[in-house]
Amino acid sequence: MSGTVGMQPSFLSIKSLPGDFRFMDSPESNRLQINEKSRLGSCDVTALSIPENGKLGDDIDEDANSYGGDFDQVNEDSPYSGDLVSAEERPSNDEEGVDPVALSLPSSSKPHDDNTWGDTSSYARNKKIQSFFKLPNGEWELVKILSYSGSESLISLSEGKALKVKNDCLVQSNPVILDGVDDLMQLSFLNEPAVLYNLQYRYNQDMIYTKAGPVLVAINPFKKVPLYGDDYIEGYRRKSIESPHVYAITDTAMGEMVRGSFCPLLYGESGAGKTETAKIAMQYLAALGGGGGIEYEILKTNPVLEAFGNAKTSRNNNSSRFVSFLSLNLVVQSVRVFTYWKHQSRVVQCAEGERSYHVFYQLCAGADHDLREKLNLRNAGEYKYLRQSSCFSISGVDDTEQFGILTEALDVVHITKEDQESVFAMLAAVLWLGNILFTVIDNENHAEVVEDESLTTVAKLLGCSSDQLNRALSTRKMRVGNDTIVQKLTVSQASDSRDALAKSIYACLFDWLVEQINKSLSAGKRRTGRSISILDIYGFESFDRNSFEQFCINYANERLQHHFNRHMFKLEQEEYIQDGIDWARVDFEDNQDCLNLFEKKPLGLLSLLDEESTFPNANDMTFANKLKEHLHSKSCFHGGRGKDFTVNHYAGEVSYDTTGFLEKNRDLLHLESIELLSECSCSLPQIFATSMLTQSEKPVTGPLFKAGGAESQKLSVATKFKGQLFQLMQRLENTTPHFIRCIKPNSLQSPGVYEQGLVLQQLRCCGVLEVVRISRSGFPTKMSHQKFARRYGFLLLESVASQDPLSVSVAILHQFNILPEMYQVGYTKLFFRTGQIGLLENTRNRTLRGILRVQSCFRSHQVRVYIKDLKKGIMTIQSFIIGEKVRKEYAVVVRRHRAAATIQKWVKGKRVINEYKKLCSASIAMQSVVRGWLVRRCSSDIGFLKYGLKGIEPEDVLVKASFLAELQRRVLKSETALREKEEENDILKQRLQQYDSRWLEYETKMKSMEEVWQKQMKSLQSSLSITRKSLAIDNSGRNSDSSVNDFETGHMTTESNGVRPVSAGLGVTNRLAEEFERRSHVFGDDAKFLVEVKSGHLEAGLNPDRELRRLKQMFEAWKKDYGMRLRETKIILNKLENEERGAATDVVKKKWWGRRNSSRMN
């Protein structure tokens, strides 16, 4: 169908809506309705493959996504209100495609056949829906219908496969609003897969309790769930919690106790949690007991009853093997326990992997040394009755600890220590009885007890002699006429007698304990008719091989189911009559035919079994043939091959094997065994014998009497069982029952595992599906007029919707053309057959979806306007906040910048000061070198004046003194120049502190180095000047001397001797001076050029730092070379001076000799 949903004209002007209208996002589309009676075996299935892109072709309906959602309001007005779960939590079969939820359309067909699961509505072909499909393995799966074509549909499985199946193979599913409802009666479609799905849905969420009308379904979680404790007890007591729970059932019992007795019936197979549920119910009752102390005693009865009545089976570690009926009267603080149908055979027979009753293993493991010595106890593996199975322990259970709990519970229920020892002695006697052996004493296979430790121990524990015990087990008294004959038993007969005695002792011991518990709990208290009873009974059993035990158990369950059906029918009848419903139109069925098969006389199963048991030559085959001969015409009976026969129970067909039926039905306990117990010295065996003798007996008739078998014959096991069953049913008839059905979700006893087949079988066995059938045969969906009008009234015109609820309800039914046979209008409620709410829910959801579209457009416009204004306001606020933030950040940055500048200034100043100090130290070092050189030179001249001119005339000495004065003057001048340089350095220091940039720092450094070089140059220049002046003075002196000599001896000779050396010295000195000037200019120009390149005034393709270092190295090398040449020149000049002095001396000597000779001549 198209995206636009067609609507009737009356829906076009809707003016009324519920006042508390709310929406929920729960996608929903329509549902199909299919008759459930079809199965996969009758379906034509064609497997297809889904392409990778997920498309299936043109035949798939284009309306797959036509419905966008289910906007149902889940409130108190909903017909499905309760523990509902939103649609988003529903498991989907695939993540893409159509939403799986849908509703169904009503059908105009006649009411369905009660024997099928078909509903009264047809298959809605125009809807994209989900349905249940039965897989080949027998499990139901929720599948999606992709398309349809005639009588076939294309479905999609969870693993992605597509199948083409017939429509009859599909079973309708419920709307998503019903997922997880806490009452199965709220389901629109009551069928097996819907019930299984709903229970699994709740079980996966740890919601283990679900109602099915008046029945509470409890699924064993096999783990601890947070549903118990004082908080929950208080919640259910105050009615603040309404979800299904054992507490709720028990609280209802407390409220109804004032009107009469009330009885919750616990029902389920082994391992389903019946015993634990009974404990929970008793905990709630004990908590509400008023503090009289009885609640503690009630709870302490559980360990005693469990130890003596529970055992480990293949399905349950703590299986109850008896029926417990606990009657509590909390008004007068009294309790009474009734037990029925104990499995006595488990005492002597134990299958592999199972255990006998817990108390045997607890006694063997937990008894102290004194008790073990007194009872001659051994380990459990040494007793025949216990070692038939190799299982002696239970995982996670400490038998020693459990024995301590048992003794404590016995103390609480006021069983004295002496009685406790007697009880343990009877248990030990039963164990030792199993170890008694028999031996053949003659050719007729007659037996006699082997005298060993087992015989003496049993005799000691029972308080009799070994001979008495031997005779009781190996012989049998028979009265023929007036004579009594003692007949010896064969080995097999003696073994049966021994086992019968052991079973009887244990059964009487259990009954005696129950009687003592009742005396303790009811001592001194008057019982009233109003009480609360809890019935814990084993459930319907169906195995591969079913024997006499299953026959009795299933018969009891058949009778209980009959009681349950009549009670359900009565409740439905009362509700229909109360609301004025036409009762004649509702038809119910029960299981009376099956009960007649069991109980009818003289041709019933039990009557034929008792009759056949009285014949001594009868066997299991004759019994089976008799059943087939007399009961073949019964509808609930089917004969099988050999010893097998089948009974059609309410829970299904069960096949029984008659092997052992006759033997187990006969009471094999002989009078000799009872006499033995009565003659024992211990008190308990005597009590047991009295109890056995007081049981009802009937005279022996038939072939057995004619054969002279015995004086009387006890009632058969089946007859006793039937009598106890009728006693129980009489008690139940006097109470108001509430049924608790316990379900075992898997056979592995693992949490979180849900086996559909196992659960479905138990639902059938425990009658839950019978509840569904009974409800479906009537009107399962019920709504009050007020709720119905509030929920669907807004679909009508406002003028109609404003009328009274009944008028509105009727108008709605007429508006949607609901057929009269599909509903009934009561005084206070509307009653609908299954599936009739679908159309109303579908139309309601479509209407709400259209309203939601309009609301979404208007609300989106409102939101956009609001967001626009909000965004504008936010931007304004953000602008102020961001501006203030930026201003604060800028202020912080400024402060940091100033702090960094201050730190940089101080760091750079410190660096410049350090560099200046280094420069000063270098200057001082250079000055010291120069001054030292000057001083050393002057010192050499002074030494020459002192020691070298001793023969020179005084005038020459005076001339040399003038030289010294000149040197001193020059030294003073140099010192003055040095002070001036120091002042200049101070000025440079002040200027250096004013610069903080890097290039000024380098420029200052280069200038300082240039000044150093200038100083060095000036120093060298001054040294040269001094040298040149000293040479000039020497030359002038020599010239004066030679002029005097010229006038005396001849001018030409003297000049030629003195001018040549002087002129040579001056030439060398002049060349050195010229080289110094040239080099100084070159180095100065290069240094200025590098400074300008470094400062950036000039551009050149070279590295100023590297070139400066190279220039410095060249200057140092030239300086060193120049100094060496200067020293060499000085040495040469000194030699010339010495030569000149020698020549002058010769001249003086020649003068003197010439004067002397001339004087002589004259």
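Quick reminder: no glycine exception, Cβ is built from N, Cα and C everywhere.
Whatever TrEMBL says is automated annotation, not expert-curated.
Feature annotation from TrEMBL assigns region 'Disordered' to 51-121 (among others).
Residues annotated as domain 'Myosin motor' in TrEMBL: 179-845.
According to TrEMBL, the ATP binding site annotation covers Gly268, Glu269, Ser270, Gly271, Ala272, Gly273, Lys274, Thr275. In sequence order, Ala218, Asn220, Gly539, Cys742, Ile743, Lys744, Gln762 are the residues of the chain that are 6 or more apart from Ala272 (ATP binding site) and have a CB within less than 8 Å of its CB.
Here the region 'Actin-binding' (725-747) has long-range neighbours at 199, 203, 212, 214-222, 246, 249, 252-253, 256, 259-274, 277, 315, 323, 325, 338, 340-341, 533, 535, 539, 555-556, 559-560, 563-564, 567, 753-755, 758-759, 762-763, 766-768, meaning same-chain residues at least 6 beyond its ends whose C-beta is under 8 angstroms from one of its own. Under the heading region 'Actin-binding', TrEMBL lists 725-747.
Here TrEMBL flags 964-998 as coiled coil.
Residues annotated as region 'Disordered' in TrEMBL: 1035-1062 (among others).
Taken from TrEMBL, the feature compositional bias 'Polar residues' applies to 1036-1057.
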Sparsest-packed among the binding-site residues, when each Cβ's other Cβ atoms within 10 Å are tallied, from Gly268, Gly273: Gly273
Around the Cβ of Gly271 (ATP binding site), the count of other Cβ atoms that are within 10 Å: 22
Tally of residues which DSSP labels helix, strand or coil - the region 'Actin-binding' (725-747): 9 helix, 9 strand, 5 coil
